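Visitor: Got a structure here, written out as structure tokens. Questions coming.
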Amino acid sequence: MSSVSHELKDTSVASSKWLDAHYDPVANLYTFSSCIALSDLHGDGENKLVVGDLGTGVCNVKLKVYRGTGVLSESTLLDLPTGLVSFLMDLHEPRTPAIAVASGPFIYVYKNLRPYFKFTLPSLEVNPLEQDVWSQAKEDMIDPMTLKEMLEGLRDKAEIPLSVRSLRFLMLEPQEMENFVLLHKEQPIRRQTVITCIGMLKKNMADEDAVSCLVIGTENGDVYILDPEAFTILYKMSLPSSPTLMDVTGQFDVEFRITVACRNGNIYILRRDSPKPKYCIELSSHPVGLVRMGKNVVVGCTHETLHGYTQKGKKLWTAYLPAPVTAMALMDLPTRGFQAVLVGLANCEVHMYRDKNLISTIKTPDVVTSICFGRYGREDGTLIMTTKGGGLIVKILKRTAVFDDRDSAPGPPIAQSIRLNVPKKTKLYVDQTLRERENAVAMHRAFQMDLSRLRLAAARAYVKALESSLTPMSASLTEPLKMNAVVQGLGPSFKLTLNIQNTASCRPVMNLAISFLYDENLYSMRTAFFKIPLLVPGLNYPIDTFVECLSDKGISDIIKVFVLREGKSAPLLTAHINMPVSEGLALN
Amino acid sequence: MKTDVQLPAATDLKKPRPKKAPELPILERRNWLIHLHYIRKDYETCKAIIKEQLHETQGMCEYAVYVQALIMRLEGKIQQSLELFQSCAILNPKSSDNLKQVARSLFLLGKHKAAIEVYNEAARLNQKDWEISHNLGVCYIYTKDFRSAEEQLNLALQLNKHDLTYMMLGKIHLLQGDTEKAIDVYKSAVEYVSIHNLTFKHTCFILYTMLLGKYQKAFEHLGNALTYDPNNFKAILAAGSMMQTHGDYDVAMNKYRVAAYSVPESPPLWNNIGMCFFGKKKYVAAISCLKRANYLSPFDWKILYNLGLVHLTMQQYASAFHFLSAAINLRPRMSELYMLLAVALTNLDDADNARRSYEQAVQLDESNLLVNLNFAVFLYNQGDKKAALLQFQEMERKVNTQVDSNINTEFDPELVEMAQKLGAALQAGENLYWSKPGKDSKSSQRSSSSKPSSSQQPLGTNQALGQAMSSAAGYSKSMQITAGAEPLSPSTSCHLHRSVHPNLQSQIFRCLFEWCIILM
């Protein structure tokens with residue numbers, strides 16, 4: 001009880017720190033933290049919300065711009081956006097930022113919400129052998145089948161993977177190959193990769209409105225830094241795995257640091273002076289969110305943990321979360337000198353951490369999938385979240401809100417004061433205890449005596465069962481059989497199914513017969529004796545027969561089933577079937 | 001996406017000689033999205049995207065197959081996931097990651113030998129992978145090849161000093177009964193593991209100190225661990241049982257309340273709570289709690305042992321008999337169980353079986369004085385002075401070896417008194433350790449006075465037992481040393497201690513086992 005009240009108090013305090021500015025549960029947004037940005041798109045001092053919406057995941061992919069509570073503009077994207085940043089690309093006045101949307105192998109740059117430039121990733125090195133094979137195909141020196149064999153050989157051995165064209169070709173049915181070769185052979189072979197994450201890096205000044213370079217990570221593990229105006233590649237670095245999340249700090253011309261979380265579960269730290277990662281953090285589970293706070297990096301992992309690392313990869317702390325992480329973002333209020341990490345959790349909460357201390361909790365109506373904190377409209381402390389159901393939540397931080405820089409759950413655990421639920425004993429139990437104390441010897445002897453009797457009775461019954469073959473398994477070694485019986489029907493006619501199985505490993509059983517014994521006044525059977533076919537080991541043989549109940553007095557009896565062997569009087573198996581009472585009236 | 005797939009074919013039909021071939025979609029283009037959903041544990045969406053992607057690429061997208069296999073494994077379809085991982089390994093035979101996953105699935109299926117082979121293959125592709133070496137080590141543990149396991153785990157430690165590797169290595173040494181090496185491992189774990197990983201550090205330190213027998217230090221660290229994580233069930237149980245050992249029942253109960261809130265159905269917890277009540281002489285509550293523990297874990301011999309003990313104390317001998325014989329069925333090689341059974345049988349007037357049970361106990365026993373003493377008293381009461389003398393001498397021998405090797409120099413006063421009484425009655429025992437330092441002649445006088453009234457003697461059997469059980473504090477030192485020396489097979493000298501203590505140990509082993517489950 002006290003824990004509940006504690007929580008209630010906690011949330012009421014937390015909710016009083018935020019104003020609920022806007023909540024649209026049907027905004028229909030499917031997006032991630034990487035596809036959200038706040039930007040002063042028109043240079044009018046009013047920040048808009050730019051969202052790369054994945055639509056249904058197939059179609060309806062859109063770049064949406066929100067102003068206030070409504071959509072300002074929508075433009076269709078060709079493919080799913082992987083990331084989106086707002087950056088200043090030149091020094092021209094008015095200083096309006098451009099939006100870069102990464103999608104597939106391209107970056108689409110929008111200025112004033114109009115398409116401005118399309119950057120394509122440089123193509124990767126193509127296997128020279130593959131090139132040879134295709135040029136032979138081009139000159140019709142080899143037929144498609146040979147081409148296929150050669151490409152397959154290449155795929156299994158080559159250091160450089162095959163291009164999409166070859167891989168597609170290998171998927172085709174033989175009759176489609178001819179056309180495919182005809183169609184594609186004139187084109188040069190290209191091998192392309194896709195962008196997996198995008199970030200930005202100030203070019204040469206640390207100012208808020210400095211010109212920024214784009215930093216992109218690709219599927220094959222490369223990181224490129226692009227010139228902001230010409231979109232040429234300024235610098236290339238490579239990673240051991242595909243990057244998934246990225247954080248960039250510093251300036252390109254001075255010194256920078258790129259922290260990249262990769263798909264192999266490691267975090268790599270890249271620096272200006274080396275094309276290879278400088279430091280590596282091996283995590284025990286996959287990173288879901290990566291946020292830099294001051295000089296430290298905060299990582300949320302799939303194992304419901306939050307870790308803090310220095311920028312050299314040294315672990316500082318670990319906090320345990322109550323649910324899996326779904327989204328993370330930095331909350332930065334430079335005017336107040338306040339920084340915290342917002343962590344969206346799968347239990348419909350957003351936790352605010354400062355180092356390892358949980359300083360506040362926000363309850364949300366749905367699971368949050370993306371978080372963005374910053375200036376929206378003219379309000380500095382705005383928290384924007386989208387939910388799994390497609391909702392959009394906008395909250396504004398109250399100017400009076402104060403966060404204690406202290407863990408909100410200290411002190412002894414509340415559970416310490418909860419009474420133990422010790423099972424109660426009744427007076428009867430106590431009386432019986434007293435009785436046992438007085439008569440322990442007699443009780444013990446009586447018990448031992450009864451136990452011996454029970455054992456004797458059990459042994460007798462067992463011997464009897466063995467002697468009369470009443471067990472469900474036959475005891476004979478030559479005919480190991482198993483039988484069970486099922487009665488179906490309400491009466492007066494019943495269906496009796498006998499399942500017989502030969503449990504021997506390889507030997508079939510032959511020459512068996514079944515006979516029934518029953519009260520002929522009560523029941524009648526069409527055939528009370530029949531032969532069983534040869535029993536193959538392991539198979540189950542259901543044998544059906546029909547029984548008619550003759551009495552309408554609601555009485556029932558036992559039907560005995562004997563499995564017999566030809567030329568032997570003692571049955572192999574006996575089953576007693578307790579017939580149910582016939583519920584229907586016998587037809588006259 | 002579907003239109004993408006059909007795009008080439010459609011254009012084929014319409015214009016047979018197009019100048020420009022259609023752009024072919026890149027196979028890996030949705031990998032990031034699959035990954036994004038996978039790590040957010042949104043498996044339903046993830047599976048839908050994978051299905052679409054596999055349809056588009058006709059199963060050639062390696063990463064989609066890989067994640068599908070991972071999800072299947074999480075759903076418990078290990079065999080299917082193994083097949084998918086194998087097809088990943090065919091798509092990309094150069095990746096050690098695929099092989100690692102194949103091996104992991106084999107491991108989960110219990111095919112440890114096959115897993116070792118695949119891991120070795122993966123190790124050829126990637127020499128310096130901590131994970132491969134570590135998992136190889138774990139596989140070797142399951143195939144009982146401890147030497148290779150040790151080798152691989154040490155290799156893993158050279159590559160990366162991970163907490164899990166230390167735990168497994170320590171566990172191997174404990175399994176082999178090599179306590180000293182285990183201590184070394186934990187010691188180096190304490191030194192190397194970064195100061196920030198406090199929980200692990202504490203676990204290691206606690207194990208380390210407990211193995212050394214420094215319970216006080218271990219206790220301090222448990223306290224530290226509890227301040228960092230006050231709801232840690234394992235730490236609470238361990239700390240509580242230590243407090244209990246020192247007779248601090250109320251504080252222990254406070255701790256147990258926290259534990260009972262978070263894990264209300266833990267058999268060791270209810271066992272310890274029960275023994276707390278027993279220590280506070282609330283026998284009915286003790287029986288209630290122990291019975292709950294027994295209900296939750298019917299095949300735990302320690303709970304049955306304690307139930308037997310409490311019922312003996314309550315003079316419910318018939319019930320005690322049942323619990324003890326159940327415990328013996330589960331653990332047939334424990335001398336104390338036979339001794340308690342013999343006590344119960346004595347009180348149930350079944351002298352023949354009591355004697356047999358004592359004989360079994362003596363045969364199995366190594367260092368427990370009480371077994372011999374109780375047997376001697378029983379024999380004396382039965383009138384078999386000769387046999388009683390033999391048992392008494394056996395006890396003397398044990399006392400002397402314990403004193404000589406300095407294992408134990410303090411004995412429980414009740415035990416001493418009982419032994420003196422019996423010694424006087426048998427006209428033996430003058431050369432016993434405790435009779436040497438001129439222990440006042442009063443006791444011998446008293447024993448001589450008790451001799452004629454032999455009717456008191458049968459009571460004595462119980463008294464010695466009961467008193468020994470209740471006087472916990474006097475034994476703490478002896479218990480610590482013996483327990484420290486043999487952590488794997490606890491054979492301590494006093495019932496209460498053992499009844500409380502094994503749970504502490506079992507708790508530690510439980511920790512170990514849980515660690516290894518995380519590994520799996």
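Glycine residues also receive a Cβ, built from the backbone N, Cα and C atoms like all the rest.
What TrEMBL records for this protein is below:
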{"type": "COMPBIAS", "residues": "B:444-458", "note": "compositional bias 'Low complexity'"}
{"type": "REGION", "residues": "B:1-20", "note": "region 'Disordered'"}
{"type": "REGION", "residues": "B:436-463", "note": "region 'Disordered'"}
{"type": "REPEAT", "residues": "B:163-196", "note": "repeat 'TPR'"}
{"type": "REPEAT", "residues": "B:301-334", "note": "repeat 'TPR'"}
{"type": "REPEAT", "residues": "B:335-368", "note": "repeat 'TPR'"}
Visitor: What does DSSP give as the helix, strand and coil breakdown of the repeat 'TPR' (B:335-368)?
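Guide: When I sort the residues of the repeat 'TPR' (B:335-368) into the three classes, I find 27 helix, 0 strand, 7 coil.
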Visitor: What counts of helix, strand and coil residues does DSSP assign across the repeat 'TPR' (B:301-334)?
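Guide: Its residues fall into 27 helix, 0 strand, 7 coil.
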Visitor: Averaged across the repeat 'TPR' (B:163-196), what pLDDT does the model get? Just tell me the whole number, please.
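Guide: It averages 74.
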Visitor: Over the span of the repeat 'TPR' (B:163-196), count residues by DSSP class, listing helix, strand and coil in order.
Guide: 27 helix, 0 strand, 7 coil
